[in-house]
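Now, the feature entries from Swiss-Prot:
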SIGNAL    1-22  signal peptide
REPEAT    31-66  repeat '1'
REPEAT    70-105  repeat '2'
REPEAT    123-158  repeat '3'
REPEAT    160-193  repeat '4'
REPEAT    201-234  repeat '5'
REPEAT    251-285  repeat '6'
REPEAT    290-328  repeat '7'
REPEAT    335-389  repeat 'TNFR-Cys'
TRANSMEM  423-443  transmembrane segment
BINDING   Val510, Gly511, Lys512, Gly513, Ser514, Phe515, Ser516, Cys517, Val518, Lys532  ATP binding site
ACT_SITE  Asp633  active site, proton acceptor
REGION    845-901  region 'Disordered'
COMPBIAS  889-901  compositional bias 'Polar residues'
Amino acid sequence: MDIVPVVALCCCLVLLPSWAYGLGSMASIAVSYGEDGPVFCGLNSDGSHLVTCFGADASVVYGAPSRIPFVGVTAGDGFACGLLLDTNQPYCWGSNSYVKIGVPQPMVEGAMYSELSAGDNHLCALRTSVKGFHSVNGDTSVIDCWGYNMTATHTVTGAVSAISAGSVFNCGLFARNRTVFCWGDESVSGVIGLAPRNVRFQSIGAGGYHVCGVLENAQVFCWGRSLEMQQMSTPSSTDDGDVNIVPMDAMVSVVGGRFHACGIRSLDHQVACWGFTLQNSTLAPKGLRVYAIVAGDYFTCGVPAETSLKPMCWGHSGPLALPMAVSPGICVSDSCSHGYYEYANHGEVGSGSKTCKPANSRLCLPCSVGCPDDSYESSPCNATADRVCQFDCSKCASDECVSFCLSQKRTKNRKFMAFQLRIFVAEIAFAVILVFSVTAIACLYVRYKLRHCQCSKNELRLAKNTTYSFRKDNMKIQPDVEDLKIRRAQEFSYEELEQATGGFSEDSQVGKGSFSCVFKGILRDGTVVAVKRAIKASDVKKSSKEFHTELDLLSRLNHAHLLNLLGYCEDGSERLLVYEFMAHGSLYQHLHGKDPNLKKRLNWARRVTIAVQAARGIEYLHGYACPPVIHRDIKSSNILIDEDHNARVADFGLSILGPADSGTPLSELPAGTLGYLDPEYYRLHYLTTKSDVYSFGVVLLEILSGRKAIDMQFEEGNIVEWAVPLIKAGDISALLDPVLSPPSDLEALKKIAAVACKCVRMRAKDRPSMDKVTTALERALALLMGSPCIEQPILPTEVVLGSSRMHKKVSQRSSNHSCSENDLVDGDDQRIEYRAPSWITFPSVTSSQRRKSSASEADMDGRTTTDGRNVGSSIGDGLRSLEEEISPASPQENLYLQHNF
């Protein structure tokens, strides 16, 4: 696109009594164009004055400032500019080599501007020294320009009310006599020499090589060059396609494309276009009423006069549907002048101020003029609404009038039928009430007579026995009903927890975070607990939200590898949660604590076991909780270890409920811990369950290497940047924790490293889901253990979601392998934990059931199954031959585009 189009249906600035929005004029909407494709930009409709862009040119779409408010916007070839709300200076973005990103230079210090206009490769701004006045003094105006062959300061005699830009030229409109003047390159268009003298305009709109203006009588006048390459184009509205041959309709405003122009009719605010358009171009929608329009080189966009305020485009190569709501005009601080009314959003009078900032500003739109021949004016235009025309059914001359009158007649018939129906329903209701009343009176009379009748002793005895039998049966049912009640978290008093922790003394403190402290306590019944006490913060609302989030989730979730919540306390500003006490602290303390013996105690088998158990807990959150739960703070310090060295996932303060479809993204502000935070979530605010997968991948790298997620004592402080190249190079030995001796066979650890590498991929759709991660880790654990006869904490098929640990398999007890009876006795001494059922979860699913959906994996991998009689002797080799299968799972591409553009 070679032309800069912007038009709005409202008063641009405080001192603009009429419009001058041309191709490159400033308004609430603008379009850029060029080799990289078209882009539509507009001010948001929520009154924030923030700009949003949508289109093909990434430099304009992603370069748009997301937190800077603007008065209005304009655009050119590969760039867009806006007038800053705070400083009244222009700010540009995009990829144009002549108009740089930021505030254009050179810039006069302290200069303020009231109007912008952008051409193909230049930008001009109308300077003002006093806010609200265009001229430096009463007789002169200053216009600064930047860009290709246009960088200069122009001093014009006379006050200028508006400016508009074409491809290589600029035009302005004098405020006093409403005449037009132009400057720039004359060689291509001839616009400067052909500019009319002593012709008064309400507004002007420059196109590529022509200018159109609305005269004081609302007629349109155009001058300049028309397209002569007729073999490449087809006329849109006139016989010869000449842009200078204009329609006779009265117009509110006009805009210009490269070789075409469009205007808004005063009568009905519908769009009329004329001039040349390319082949296969879409026409303007018939009957479309708009608030504002803006033209590109070969297309035009408009803001429909609907409550949605979602723009639509027509022509060639432009975006046809735009999924964003924009402001229909620029806000002004003065009251609306004669011929304008105040815009009220959603049809509510006075609510138009919500689309403007500050609150005392408003958005003014021009009134429609007159009514069609078959209509009459039922109410005139006033300060709060446009004029209203009603069809005269006795003078119908259009299809719309005929259709309206027929619908009105049908409406009257329906109203009459509805009235008759109400009468009929009332009669039926009266009859029903009468019958019911008679029946009730009869029943009461019969009951009264029965109570006062004389019954025999046998009948009384029979009735008594029947009543006793019923009560007895009812007593039997009652205990079963009580058994169905679900246990909830217990509520403790603050005094009870204060006594249990010794007054929350430092001696009982076992951990401290940014928002809470954890104390060890002993309840009156001797139960050892961990009490999490929230640190009193200034943001009480946020602290209370995190407290109730964690309380709500933990009281409903039920899994062996999630931290068990025993109770809570909320007393004034005090908020406390009571958990099971984890005797061995956190995984972080073992891997990175000051005591080196803790690190040595975690041999490779225990480390991988902890990883498998934590993965199962996260898999439960993603796959079996309904709706799914996204933890958002998976890290080694939030994986706790109990007295049996089983892992528990803890700290649900940042957790949120995900959508029922786990692949659907959420738009959330980033929350979590640096080093573990998903890069895609951090940059794009694109949150899915794959964000937890990334954090868990970092934890796997910690388990393998013994290094912190971020450790600045190393040259490469980020563990992902350090570990991933080693894994891809196959140098696993350099990755492993030097504190532990590497196992004789590194194959299992190589598989775990490969899983971690896939988990920390930059794009979420390339990461595996947690069920696939868990399956791969279970296989790696089995391969690491080498044989089912070796004492192992948990085998891949021995854990059921919802129970802590299972007894060893019966087949293992009767195995022909050399397993001693003492080993079996020790293995049977396991702690079984029972939890209340969870009403937010699906039924528990075993790891073997999880893999039933991928039946015959051995056949797909080219492996053969051994005979059942040889299982005891060959299961170790069978487990070693298993290969992990992790395929990426990602949301659909259209969802990604929808949530980011």
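Heads up, the Cβ atoms here are built off N, Cα and C, so glycines get one too.
Taking the features listed in Swiss-Prot, we show where each one sits on the structure.
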| residue | record | contacts (Cβ under 8 Å, 6+ apart) |
| --- | --- | --- |
| Val510 | ATP binding site | Val518, Phe519, Lys520, Ala530, Gly585 |
| Lys512 | ATP binding site | Val518 |
| Ser516 | ATP binding site | Lys532, Arg533, Ala534, Ile535 |
| Asp633 | active site, proton acceptor | Asp651, Gly653, Leu654, Ser655, Ala671, Gly672, Thr673, Tyr676, Ser695 |
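The DSSP secondary structure for Asp633 (active site, proton acceptor) is coil.
In this model, the repeat 'TNFR-Cys' (335-389) carries an average pLDDT of 73. With DSSP states grouped into helix (H, G, I), strand (E, B) and coil, the repeat '2' (70-105) comes out at 0 helix, 20 strand, 16 coil.
Using a 10 Å radius centred on the Cβ of Val518 (ATP binding site) and all shown protein chains, the other Cβ atoms total 21. In the three-state DSSP scheme, Lys512 (ATP binding site) falls into the strand class. Per-class residue totals from DSSP over the repeat '7' (290-328), listed helix then strand then coil: 0 helix, 18 strand, 21 coil.
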